[in-house]
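Taken from Swiss-Prot, the feature GTP binding site applies to 36-43, 63-67, 81-84, 148-151, 180-182. Here Swiss-Prot flags Ser43, Thr65 as Mg(2+) binding site. The annotation domain 'EngB-type G' is assigned in Swiss-Prot to 28-199.
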Amino acid sequence: MTEEQVLNTHNAEILLSAANKSHYPQDDLPEVALAGRSNVGKSSFINTLLGRKNLARTSGKPGKTQLLNFYNIDDKLRFVDVPGYGYARVSKKERAKWGKMIEEYLVTRDNLRVVVSLVDLRHEPTQDDIQMYEFLKYYEIPVIVVATKADKIPRGKWNKHESIIKKKLNFDKNDHFIVFSSVTRDGYDEAWDTILAEL
């Protein structure tokens, strides 16, 4: 069964932005959180999966997402875009505030079914990437690691880069790892199939 048969992915809209749990939607729709460092390609990932060009705003300015952005998908599912981490030009105080907001959502939100943790296929995971993965494993939150920007690397080198990332993350072989490109749409079907299997 494809995602199109399960839900109309094009029927999507940004629902609300929230700073804390009092602002979260009050229902039982399943949620998929998307986490990753600034400019890893989260907005492009969302837009590609939902078949929309500008639903999630892509920005040349890292650290632009400062709230939890909830996207309603066909009234059956929500994506939750969490603030990009690891951006140096944000104050320590602001980063700490974001960290608390993200942690509160990830640890306390009953609607959360899985976290899509995005990393850049071209580079080794940063310390922030590693800490995010360790955090999710510690709290036993289901995680899918998606390595973005695959189109920037020759296809023949994908396996090598995947191995490097998995080693640095101390990757759990029971988790899913998907190589993805918003340009070529590589990984599109696998991403949807894996997400839907977690709901």
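Just so it is clear, glycine is given a Cβ too, placed from its N, Cα and C backbone atoms.
Rounded to the nearest whole angstrom, the C-alpha distance between Ser43 (Mg(2+) binding site) and Leu67 (GTP binding site) is 14. According to DSSP, Gly36 (GTP binding site) is assigned to a strand segment.
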